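Asks: One structure follows; several queries about it will come next.
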Amino acid sequence: MTEATQAQPAVPRLTSLSHGGGCGCKIAPGVLSELLKRATPPALFPDLLVGTETSDDAAVYRLNDEQAIVATTDFFMPIVDDPFDFGRIAATNALSDVYAMGGKPILALALVGMPINVLPHETIAAVLRGGESVCADAGIPVAGGHSIDSVEPIYGLAAIGVVHPSRVKRNAAARAGDVLVLGKPLGVGVLSAALKKNQLDADGYAQMVATTTKLNRPGAELAALPGVHALTDVTGFGLLGHTLELARGAQLTARVHYASLPWLAGVETFVADGVFTGASGRNWAAYGTDVRLADGLPPVAQALLTDPQTSGGLLVACAPEAVDDVLACFRADGFDRAAVIGEMVDGPARVDVA
């Protein structure tokens, strides 16, 4: 057999090279909170409008009375095996934090860590092209970045956006009486677990990629709506974790209506069969003491509510009279599953699910 006809080594599955994937590989919220407590607090800068105080989605720094910079970074290990899709999902997820602050992205830098001697260069290039395609869709350049040779594949972006200082939307400004609206269906972590176990069919994969590559573009328009008080996105800490951040920031109780939650097709069946991520359990261990689950919820409820979302939906807290405008804003951009899922009420800083 000549060298030209020798069988080439099989390219490993991207997900086989990482111990976690997507936002499910975040440091557990309880551990992260403890680490941040030990960090040196930043000096007080009057123009730093948003820092680390409430675990918000991005930093915001005021340049002048008309402009503020939104700065964020997000990267993770593969949630899918297709390199182009991996790049698209990671980039969409990174840009989401800019939208979640009410901002508009203007620039991105690529963050790349790859096992250079394990993956073919064309595979790595496909990851980069995937990220670039999403940034092109968002109307921004990937203007540079940084790369390292790493044991596990890692990809993401540092993203810069702009926002008017008066339109910055924090995760700590919800008010009693506000209605909670969620932009995307839940269950990405469950589908990713099914994929890793070779249990996800083509339709399931297609819906997972479709939701995780849909840019949360309505964020800037939502921030401009009267009556929108708080905004965040649902990612690695699951719906309960990010709703709890709203509750803690506002010192209110968030009520979530389980029957109103939108789910990706098949996720409830997968969880009933024992298919879900380890991050779900870590999330519950971190914040479950501040959650009340009503009697009578399905047995799968806890795992689904703590399911880590990668490139998840925007979560809006708005006045009741703004709900129709919020839903219209989502649906105008193709978010057909956007739904009212609960409300904020006076009470201790926790989440009640009924």
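Note that Cβ sites are derived from N, Cα and C of the backbone, with glycine treated the same way.
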Asks: Which of these, Asp233, Asp273, Asp290, does Swiss-Prot list as part of the Mg(2+) site with Asp57, Asp97?
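Replies: So the Mg(2+) site in Swiss-Prot includes Asp57, Asp97 plus, from the candidates Asp233, Asp273, Asp290, Asp233.
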Asks: Sorry to bug you, but what's the C-alpha spacing from Asp233 (Mg(2+) binding site) to Ser147 (ATP binding site), rounded to the closest Å?
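Replies: Approximately 27 Å lies between the Cα of Ser147 (ATP binding site) and that of Asp233 (Mg(2+) binding site).
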Asks: According to DSSP, collapsed to three classes, what secondary structure does Asp97 (Mg(2+) binding site) have?
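Replies: Its secondary structure by DSSP: helix.
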Asks: At the level of the C-alpha atoms, what whole-angstrom distance separates Ser55 (ATP binding site) and Asp233 (Mg(2+) binding site)?
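Replies: On Cα coordinates alone, these residues lie 12 Å apart.
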Asks: Between the Cα atoms of Asp233 (Mg(2+) binding site) and Asp74 (ATP binding site), find the distance and write it as a whole number of Å.
Replies: 13
Asks: Using the Cβ centroid of Asp57, Asp97, Asp233 as the reference point for the Mg(2+) site, which residues of the same chain not in that list have Cβ within 8 Å?
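Replies: Not counting the recorded site residues, we get Asp56, Ala58, Thr72, Ser96, Val98, Tyr99, Ala100, Met101, Thr232, Thr235.
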